Amino acid sequence: MTDPRTARAEAIRALSIPSSLLPADGRFGSGPSRLRDEQVDALGTTYRGVLGTSHRQKPVKELVARTRRGLAELFSLPEGYEVVLGNGGSTAFWDVAAISLVERRSEHLVLGEFSQKFATETTNAPHLLDPLVVTAEPGSLPRPVVDEDVDAYAWPHNETSTGVMVPVERPAGAREDQLVLVDATSVAGAAQVDVSQTDAYYFAPQKAFASDGGLWLSLLSSAAIERAGRLEAQSDRWVPGFLSLQAAIDNSRKDQTLNTPAVATLALLADQVEWLLEQGGLAWSDARTRATSGLLHQWAERRPEVTAFVSDPAARSQVVTTLDIDESIDATAITSVLRAHGVVDVEPYRKLGRNQLRIATFPAVPESDVEALVAVLDHVLDATA
Ligand SMILES: *Cc1c(COP(=O)(O)O)cnc(C)c1O
């Protein structure tokens with residue numbers, strides 16, 4: 001005899017979900033994330049003649065210029081800050097920062113897989129002392145500890161692997177020469193932020209900016225720019241050319257990248273930044289993502305089988321909602337029947353290893369699609385109860 005959990009999983013997997021319930025767009029992944037149709041269509045029309053042309057000529061440089069201008073406006077860039085970009089995604093920026101921004105020793109808040117990765121880089125870097133690491137259980141929120149001995153504090157604005165959002169504020173009592181490096185990869189563009197609280201607010205285009213991967217972007221303070229120049233001038237520090245922040249700064253000022261960028265990524269990004277501004281900027285996207293993630297949390301409160309993984313409501317992400325499913329129900333059966341119906345990428349972060357759904361509500365995801373997703377999930381649970 002099959003046990004009840006297996007029997008229910010089989011029933012879930014065999015379910016046929018009425019198409020009238022399905023969202024118009026079934027992409028709910030935490031990155032890469034859904035692109036708007038208008039962006040994709042523009043690649044074949046507006047940008048048809050720009051794709052496949054030189055990144056040292058005006059049409060591609062204009063995409064970079066539009067992105068830099070648009071981001072400066074979107075984030076109300078404070079005096080002295082610059083929008084800098086380079087190839088390699090946020091993962092590359094961790095190495096850029098380990099070379100060009102951390103002087104001797106950094107402090108890291110580690111609350112999940114992404115924040116761990118940066119701490120691992122500075123731990124392995126032979127030119128740096130081992131970092132000070134403040135660790136929190138996945139799903140909970142650590143706070144920075146002011147320490148005389150560090151020259152940079154690092155944490156994620158949104159820990160994408162767990163769905164915890166960390167406030168972006170300079171630690172009270174931190175010295176001016178201690179830089180604040182915030183990994184905003186999955187929430188930049190989706191939430192209000194005061195960039196002056198950071199020295200590097202960095203991200204990649206494939207999450208809230210609904211573009212493709214491959215680039216990193218960083219809003220740098222004058223203190224960060226000064227630090228990079230000074231560290232890279234030191235004779236005892238090897239700066240691999242690809243990881244030089246100074247090279248990225250110099251190229252960005254000319255609206256270009258050190259080496260060849262993905263032109264399509266730039267086109268998608270420039271359009272999304274301008275779309276966000278047209279909708280009402282960060283005030284608009286912040287309100288939308290609070291509303292859409294709120295629908296998921298209201299659903300979790302309504303369903304006895306579902307519990308928010310992040311127990312502290314104040315620490316819950318407005319772009320990545322993590323929901324634990326009761327052990328009597330196999331969450332992989334749910335994600336697999338959804339996938340068979342075109343509702344994709346709501347699997348939990350693989351290394352977290354929980355019986356969970358992880359649902360992204362980036363600015364390009366309208367409320368109507370989240371309402372439909374909730375109806376689909378209700379159907380799956382109710383039809384197999
Ligand atoms: C996705 C993500 C990254 C990795 O970005 P890549 O562009 O793939 O390197 C880093 N940090 C956070 C918080 C992320 O969500």
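For all residues, glycine too, the Cβ spot is worked out from N, Cα and C.
Since this is a predicted model, take the numbers as computed values, not measurements.
Residues within less than 8 Å, Cβ to Cβ, of ARG56 (L-glutamate binding site) and separated from it by at least 6 positions along the same chain comprise GLN256. Feature annotation from TrEMBL assigns L-glutamate binding site to ARG56.
The pyridoxal 5'-phosphate binding site annotation in TrEMBL covers PHE114, THR160, ASP183, GLN206, ASN259, THR260. Note: ASN259 (pyridoxal 5'-phosphate binding site) has non-local neighbours ASN87, PHE242, i.e. same-chain residues 6+ apart with C-beta under 8 A of its own C-beta. ASN259 (pyridoxal 5'-phosphate binding site) carries neither a helix nor a strand DSSP state and counts as coil.
Annotated domain 'Aminotransferase class V' per TrEMBL: 146-343, in sequence order.
Residues or ranges marked as N6-(pyridoxal phosphate)lysine by TrEMBL: LYS207. For LYS207 (N6-(pyridoxal phosphate)lysine), the Cβ neighbour count at a 10 Å cut-off comes to 29, with all displayed protein chains included.
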Note to self: Running a distance check here. Ligand 1 versus the binding-site residues ARG56, ASN259, THR260: which have CB less than 6 Å from one of its atoms?
What the structure shows: none
Checklist line | Distance [Cα-Cα, Å, rounded] between PHE114 (pyridoxal 5'-phosphate binding site) and LYS207 (N6-(pyridoxal phosphate)lysine) | finding: 14
Item checked: Candidate with sparsest Cβ neighbourhood (10 Å radius) among PHE114, THR160, ASP183, GLN206, THR260, the listed binding-site residues -> THR260
